[in-house]
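Asks: I am attaching a structure below and will ask some questions about it afterwards.
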Amino acid sequence: MAASASGDKAADDSLYPIAVLIDELKNEDIQLRLNSIKKLSTIALALGEERTRNELIPFLTESIYDEDEVLLALAEQLGNFIPLVGGPEYAMYLIPPLESLATVEETVVREKAVESLRTVAGQHSAQDLEVHLVPTLQRLVSGDWFTSRTSACGLFSVCYPRVSAAVKSELRINFRTLCQDETPMVRRAAAGKLGEFAKVVELEYLKSDLIPTFVQMAQDEQDSVRLLAVEACVSIAQLLPQDEVELNVMPTLRQCVNDNSWRVRYMVSEKLTDLQKAVGQEITKNDLVSAFQFLLKDSEAEVRASASAKVTEFCSNLDKACQEQIIMTSILPCVKELVADTNQHVKSALASVIMGLSPIVGRNNTIEHLLPLFLIQLKDEWPEVRLNIISTLDCINDVIGIQQLSQSLLPAIVELAEDSKWRVRLAIIEYMPLLAGQLGQEFFNQKLRDLCFNWLNDHVYAIREAATLNMKKIVQTFGTQWAETNIINQILVMCKNSNYLHRMTCLFCINALADVCGADIIERLFLPTIKVLSTDPVANVRFNVAKTLQKLSPFLDQAAIDEHVKPILEKLNTDTDVDVQYFASEAMVSSAGGYNP
């Protein structure tokens, strides 16, 4: 009787994980259902491989009706389930639930299910692939709902390389069928996978089956299909011998450059440098240069902005033998027009890359042709244009030296430094150490140092914080001797400011500079100022004194700690404010370790 009872208990225990899962998946609370899906691997481990295959997976397959969030989590989990069902030889058990998920209405769920099916397919043997996954693919291809047919498009490239010639032929026919589907969403999905499929199809069938399909899709009535055909251009061009690219790819590409939909032209622009590498130098010179000119002059600002952002990369990929000549005669005239474009995004995109032309065309061309363009952009009405030019100064500095630009640079920097938008001020602060290094100490001291001090007093905390880090980076550039002569005294004077926020900034600067200034300056200049601030009437300042001393202690020897640090901390430890006491006691514990060379 006892044995029977213990047997029943064991059976109950073994059923428990499934019972809990069923219970949680039926709960009204979506979060509870989501959590139960995320625990599936734990439940599968508890059940063991056989029961996972025979009970858990069928249960999940039957219960696929839930919120998209739950289904997405399930699709993701099942992709990692192969070890839990017993390894690759049992991977086919995961196909039914994933096939169901690949037909649901929500796109992200279908995409995740297809991604997991691709993972599962990779684990199948070639034989199992034909027996289990190919029929699944064919069911999806012939599904009544467009959702299953769109999902099918993502499985061809993982099945095709490992199946027999007869099945390959069927798959090519199936793919072409999807490319001609009456539903635009299906044709769009097929166009998106055309390049991927092209990479696994044999060259003879690429030419006979896929290239005619590609040409047809590039003429589709839907621009969303045509623009995806542009992506396939790159893959197909990479796969064909050079002489056949002209015949099979270029007519379609020329047509896309002149497409009446700006979205298609935009996609050509986005893929242009990839196409450039795929088609080779000869076709680039004969065809893509004129296509690029056309895109740089496009009527739509989005296309011009995309093309503008590619100027330097496109030029640097040109054949070195004719690079300079093509840039000066074909590209630069377009660039000159874009500098004065009516759209700020176009000018911004160009400003972020135009400096990169300088090393390509050399010193003389830079001074004669590019420098006037840089100067125009430095005076542009849009802060982002000026910022983008300043952020890439190192390119021109390497070619002609920054002194040529410095007089024009200064007004632009000053305007950005005082811009009413704090994010613009923040951006120029980040470039200041780079500028300091390029312009040198003398120029910095005369023209830029005061700007750095103004930022320390800015009314926006993020600016003051960035300005303290900026000071540290500039000291790293110019050295501690320069710092002592030029900035430290002005920083320490802030301890007397009537606004407690500026007194706090003084402490933050001391914190930031401690890393680069060393023990001598800390002991000689920083500690007397900290002592003054330790009696500040504002508690926030006093507890920041404690935090600052904790930061400085590792840089000091024991004698300096005993003489200067401990007396201040002991006094703060008896402060009337509890926060000051807390941070003082923390600092005392930390500084008790003494000198840490």
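The backbone N, Cα and C atoms fix where each Cβ goes, glycine too.
Pulled the feature table from TrEMBL, pasting it below:
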type   : residues : note
REPEAT : 17-55    : repeat 'HEAT'
REPEAT : 94-132   : repeat 'HEAT'
REPEAT : 171-209  : repeat 'HEAT'
REPEAT : 210-246  : repeat 'HEAT'
REPEAT : 249-287  : repeat 'HEAT'
REPEAT : 331-369  : repeat 'HEAT'
REPEAT : 370-408  : repeat 'HEAT'
REPEAT : 409-447  : repeat 'HEAT'
REPEAT : 526-564  : repeat 'HEAT'
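In the displayed structure, how are the listed features positioned relative to their neighbours?
Replies: In the predicted model, the repeat 'HEAT' (17-55) has a mean pLDDT of 76.
Counting same-chain residues at least six beyond the ends of the repeat 'HEAT' (94-132), those with a Cβ under 8 angstroms from any Cβ of the stretch are 57-58, 60-61, 64, 68, 71-72, 74-76, 78-82, 85, 88, 139-140, 143, 145, 147-148, 150-151, 154-155, 158-159, 162-164, 167.
Outside the repeat 'HEAT' (210-246) by six or more residues, the chain places 172, 175-176, 179-180, 184, 187-188, 190-192, 194-199, 201, 203, 252-253, 255-256, 259, 261, 263-264, 266-268, 271, 274-275, 278-280, 282-283 with a CB less than 8 A from a CB of the stretch.
Helix, strand and coil content of the repeat 'HEAT' (331-369), in residues and according to DSSP, is 33 helix, 0 strand, 6 coil.
DSSP states for the repeat 'HEAT' (409-447), grouped as helix (H, G, I), strand (E, B) and coil, give 35 helix, 0 strand, 4 coil.
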Asks: Using DSSP, break the repeat 'HEAT' (94-132) down into helix, strand and coil residues and give each count.
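Replies: In the repeat 'HEAT' (94-132), the DSSP-based counts are 32 helix, 0 strand, 7 coil.
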Asks: What is the three-state DSSP composition of the repeat 'HEAT' (526-564), stated as helix, strand and coil residue counts?
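Replies: Once the DSSP states are binned, the repeat 'HEAT' (526-564) shows 32 helix, 0 strand, 7 coil.
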Asks: In the repeat 'HEAT' (210-246), how many residues does DSSP call helix, how many strand, and how many coil?
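Replies: Result for the repeat 'HEAT' (210-246), in helix, strand, coil order: 30 helix, 0 strand, 7 coil.
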